[in-house]
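For reference, TrEMBL has these:
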TRANSMEM  23-45  transmembrane segment
TRANSMEM  57-81  transmembrane segment
TRANSMEM  93-113  transmembrane segment
TRANSMEM  122-143  transmembrane segment
TRANSMEM  155-176  transmembrane segment
TRANSMEM  188-210  transmembrane segment
TRANSMEM  230-253  transmembrane segment
DOMAIN    265-335  domain 'PAS'
DOMAIN    342-392  domain 'PAC'
DOMAIN    646-765  domain 'Response regulatory'
Amino acid sequence: MGGFFLDSSVDALQQVAGTHNSWLVALSILVAIFSASMALQTTHIARASDLPLHRQIAIGTGSFALGGGIWTMHFIGMLSFELCTTVQYDPGLTLLSILPGWAASWVALQILARPRVSTPHLILGGVLVGAGIGTMHYSGMAAMQMAPQLRYDPLMFALSLAVAVGLAILSLWIRFRLLRTRLTQTQRLVVAGTVMGLAISGMHYTGMAAARVIGMSETPQIALVFNSTFVSVMLSTFTITLTVFVTAANGLLRYRQLYRKMEDSESRMRAVVETAVDGILTIDGRGIIQAFNPSAERLFGWQAREVIGRNIKMLMPEPDQSRHDSYLSNYLRSGEAKIIGSGREVTGLRKDGSLIPMRLAVGQVDLPGEALFVGFVSDITQRKELESSLRVTAARAEQAATAKSTFLATMSHEIRTPMNAIIGFTELLLKSEMNALQRSHLNTVRQSARSLLALLNDILDTTKLERGTFQLESLDFSLKAVAEQVIASLRLSAQARDLTLTLDYPADMSPFYKGDPLRLQQVLTNLLGNALKFTEQGQVTLRFATLDGMVHIQVSDTGIGMTPEQADKIFEPFVQADASISRRFGGTGLGTTIVRQLVELMGGSIRVESEIGLGSTFHVLLPLRLGHAPEPARADSDSMPLPPLSILAADDVPQNLELLTLILRDGGHRLTIARDGNEVLARFGEQRYDVVLMDVHMPGTDGLDATRHIRQREQAQGLTPTPIIALTASVMDSDRRAARQAGMDGFAVKPLDAPRLIAEIARVLAGDRLPAQGARNPSARAQAARQAIDWPAGIALWGSAPRLARAIEGFLAQQPERHPLPKDTEISPDGAAALESLHGLRGAAGNLGMTVVADIAAQLELRIRGGQREDLGLHIEALRQALADADAALHASPALAEARQHPPSPCVPRAEVRARVDELLDCVDRGELNDAALEAVCEHLRASGEPALCHTLRDALDSFEFDDARKMLRTLQDRLDRDDKDSP
């Protein structure tokens, strides 16, 4: 190494001093910067190239130019170094020194051509580039031939290598860093090229600073001296020319590539446009068609050569044809777009003059100095035809729904009209005396008619729910009381089937909510009724809870269960868990559909969990708001008997008028009849009536027109409006609204139910129209006594009026002891004793037909449960009076006298009862009825104090619920067997 590095023993005076030509130094730096900039431009071309070969050609030629530029910069820098001695260069070594420069350039451009580079790769590339440039520099220095010796300062030598590597890394890094700036491509190229050129120059001149020339100065030989400036300029010119040539060649190569890509893109675009399903049109700022694809030709019927160069408005019908140019000019002037950049439906004009519906979308193409608009049009004829057909279908569906509703309303009217006579006259006949067989047949007729009426109501409810015309009320009510009422109404059916029916209502859950209690009762009755129907043994449970602010109702049973497929369809109309041919369980399958529709109408949800053989659980979630304790109904309102009234009744069906006459005259009322609206107006002009019962549908002047004429006459004469009650077989809400708009005050639906009709009359009559109870005349008091007992309902349970009279007499005699009336001052805080007494009183009175007593007892029970202790004394007194009225009605009835004259016949022998039960079971197994056996069994049940069980058994057989009847009869068999074993 002694021949390479400077020996420390060498004196500074022995070193030959040299100087640099500043112009040549500046020229070398400019050459380096230019070469670096052109090389970076080449790498940009390489990065943008799609073909690997073109990329490598760009990198290779750029490396060749950059390597030449580095070598030229180095040689000019060497020439700029002036010594007082003759210097010659070894040609071979000088040329070989360019090879490390090319290698370093190739490595640098390979790195710079990448879209991104990692730090390790950046450092490694910098080391290789710095080492390559350093090798080129020192090999070029070694080509110098002169008398003095060339040595290097070790410290500066190491520093030059470090500077070379560091500046190489910097020059590579600066290019990637500039990509994250907002500089333009040219600005980044100038900055990066300047940094790289200065780095190359810095490496060279740092290495020159490490050189030391040892020896004696001498005068240069003139012959060997050549003009360094001239040589430098020549080399610079050659290098710059070569670099420009390389850059230009790569630029041409890139241009050729871009041109081919453009041609390919144009071909693809042309193929897309020509094969597009939609029509594509291009117009300029004046509306002149510039392009017209084949789909547009098929769409409009014009050839492209026929429309190109003509105004686009030729493809538009009036008035768009006249307005188009103004639309376009307004847009170009104001920039306010109406159709540009959006799509809309328009009508196009074909070559043959026909119109075609189409979808048009217009976009603008921004070109320098030119405005082009591209329109995309698609034929929507089929869609329009589909929309038209859908509208027709929707209209037909609406017409069908309206026709169905009209049909149902008409059928409801037509069916209810004869049913009015069937049920009404059956009720009247049941009030009369007849033998047991006749009463059994009449009960069957009445039960079948009411079953048909219930089915009709279900169908109408489903129709109204589907059409969204069903209206819900929002009232304060006791949810717990509604649940208890439903449980109480179904308890007899459960007991008859030997099932346990339980209610689970948490003590910490509020009993009062706001909603529609009647529809909620309908939901619970349907779910519990289905659970009892499909459960042969075990229990049915009604459970309440709160879940996420909603009321959670569960109806669980241990019945037959359902498969997952059946559970998925259970809420569809006319679908049951058991749809076999035998239809063991009966029913229409509408119950759960109505439940689902009602629950959803209330804003809730319903689902079912079920497993075959294990039972089912229905979950109902309802968003009921918390409410307040409802105001109890007045004890003397609906249950108050009516005084004798003067009533005008109008109906075009003679049987209906006959039925109304029998019902109302039995109550002591004076009845005037009319057969149409004109006769109503004539009768109304003759005298004043307390109330008018008006059939809505009558020939000639119907009930609505007659009502309007009456209201107009009353208003003109300053008369007090007479209450008018609509009589109709229709249950549609529209009919109710029409009745109210005509001026009617009440609504009674056929078939008429006598108690409900009387209650509706009492409701529409103002309070001052009914005489006070204490001011009634003797006939009114007797009338009140007669209505204190619902004889038809009681006889239906007990079989005859004398038997009912004996049961009522016994109950009234035992009532003070078994069901004592509480005193308001003696009721405990929880009211347990009072509630127990009232609950028993209500149930017994209901079974005996004492509806007034049962209603008042139920209201009292509700008040005590709700904690409403005010005015309890008045209600207890009303209950006491109702019991007195019932006692008076009993003693005024000839049934009691008949019962006392004819004591009860001895009980049917148990052996005969057992034989009758077996006989009836055999008939049930064969699907037959035996009225004589049924009457004997019912006679035994009534004599045993179980008329309700008799009624339930009769209802099951009348409804062909043979499984229920079979279960009740077997339970009765078991009881008779136990009684036989227990008897001596």
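The backbone N, Cα and C atoms fix where each Cβ goes, and this holds for glycine too.
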| note | In this predicted model, the domain 'PAC' (342-392) has a mean pLDDT of 85
| task | May I ask whether the transmembrane segment (23-45) has at least three C-beta pairs under 8 Å with the transmembrane segment (122-143), counting pairs 6 or more apart in sequence? | result | no
| query | Which numbers of helix, strand and coil residues does DSSP report for the domain 'PAS' (265-335)? | reply | 41 helix, 12 strand, 18 coil
| message | Below 8 angstroms Cβ to Cβ, which residues of this chain, lying six or more residues outside the transmembrane segment (188-210), approach it? | response | 20, 25, 28-30, 32-41, 44, 70, 73-74, 77, 81, 130, 133-134, 137-138, 141, 152-153, 156-157, 159-160, 163-164, 167-168, 170-171, 174-175, 178-179, 181
| By DSSP, what is the split of the domain 'Response regulatory' (646-765) into helix, strand and coil residues? | 58 helix, 24 strand, 38 coil
